[in-house]
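Chemist: Sending over a structure as C-alpha cells; questions will come in a sec.
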Amino acid sequence: MMDQTVSNNFKMIYIASCGEGINAFHLVESTLVQFPDSDITVVKVPHIRTESQVDHLLDRVKDVESLIAHTIVEPNLRQYLVTKAEEHKIVTIDLMGQVLNKIETFLSIRPLGKPGLYRETHQVDLKQVTAIDFALAHDDGLRPESLDEAEIILVGLSRAGKTPLSMYMGVMGWKVANIPYVPGVPMPQTLDEVDRRRVIALNINIEQLLSHRKMRQESLGTSDMHAYSRRQEVEVEVQTAQKYYITKGFSMIDVSNKPIETSAEEIAEMITRRFKAQAHLKD
C-alpha cells in the first residue's frame with residue numbers, strides 16, 4: 001500500500017484517501033509551505049476502501065511520530081479510522097467530513113458517500129485538456145523554444161518511455177515536455193536555461209531497453225541488427241546518457257519494469273516537494 005520505508009527520525013503526514021489522494025496531497029503540501037523549517041515527509045495512501053486497509057495503515061504508522069489526514073467519504077469507514085487512530089493515540093485531520101456535513105446541512109440532502117464521484121463526473125477538465133495538448137505539442141523534442149513553460153521536462157534515450165509517461169502525466173494535469181537524448185546530437189540550448197530541478201532523466205536497464213527497441217523494429221517491419229538494438233552499442237549509449245545526466249545535475253529515476261502510474265506519481269511527488277505551491281506554473 002505504501003512505497004516508502006519510514007525512519008523514526010522524521011515526522012510523517014499520511015494522506016489516507018478512498019481515491020487517489022492527489023488533491024489532499026497538494027493541500028497538505030501547500031499548507032506546509034507556511035512551516036519552512038519543518039522536517040516532515042508527506043506520503044499518499046490511496047484507495048482505502050475497507051477496514052482491513054485502515055488496520056494495515058495504522059499498523060504501519062503506529063510506531064512513527066505521525067499524523068493522518070484523510071478524505072474518506074464513506075461515513076462508517078471514516079469513523080472507523082478516527083476511532084482506531086484514537087486508540088493508537090494517532091492524530092487525525094478530517095479533510096472531507098466537515099465539508100460534507102456543512103453542505104448536507106445547507107442543502108438538506110444526504111450525500112451519496114460514494115468514492116470517486118468527482119473523477120467519474122469530471123473525466124476531462126480544462127486543466128487536463130491544456131496539459132495533454134502541451135504534452136502533444138512538446139513530444140520528442142518539439143518546440144524547444146517554449147521549454148520554460150513546462151512544469152516537468154523528461155529526458156531519456158529512445159524507447160525509455162518518455163512519450164507515454166508524458167501523456168499520462170498530462171491526464172494528471174501536468175504540463176510535460178520530453179526530449180530524446182541521442183549521443184553525439186546536441187541538446188536544445190533552452191534546456192540549459194530552465195530550472196534543472198524540473199528536469200527528470202529516465203534510466204532504464206539494458207535488457208528492457210533492448211526488448212523495447214527490438215519490438216519497435218518488428219513493428220516497423222525491420223529486423224536488421226544495427227546500433228539501435230545491438231547490445232554493445234546500447235550499453236555504451238546508456239553509459240553515455242548517465243554521464244550526461246550527472247554532468248548536468250539532472251534528477252534520475254529508474255523506470256525499469258515499473259508501471260507508468262508508479263513513475264508518474266514518483267515524479268509528481270518529487271516536483272511538488274521541491275516547488276510546493278509553485279509546482280504548477282500559472283498560465
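In case you wondered, yes, glycine gets a Cβ from its N, Cα and C as well.
Given the structure is predicted, the values throughout are model-derived calculations rather than measurements.
Copying in the features that Swiss-Prot gives for the protein in this structure:
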type	residues	note
BINDING	Gly156, Leu157, Ser158, Arg159, Ala160, Gly161, Lys162, Thr163	ADP binding site
Chemist: What does DSSP say about Lys162 (ADP binding site): helix, strand or coil?
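Modeler: The residue in question, Lys162 (ADP binding site), is helix (DSSP, three-state).
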Chemist: Which residue, of the binding-site residues Ser158, Thr163, has its CB surrounded by the fewest other CB atoms within 10 A?
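Modeler: Ser158, out of the binding-site residues Ser158, Thr163, has the fewest neighbouring Cβ atoms within 10 Å.
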Chemist: Using a 10 Å radius around each Cβ and all protein chains in view, which of these binding-site residues has the most neighbours: Arg159, Lys162?
Modeler: Lys162
Chemist: Compile a sequence-ordered list of residues in the same chain as Ala160 (ADP binding site), six or more apart from it, whose Cβ lies below 8 A from its Cβ; state 'none' when nothing qualifies.
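Modeler: Result: Leu202, Asn203, Ile204, Leu209, His212, Val255.
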Chemist: What residue among the binding-site residues Gly156, Gly161 has the most other CB atoms lying within 10 A of its CB?
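Modeler: Per the Cβ count within 10 Å, the most buried is Gly156.
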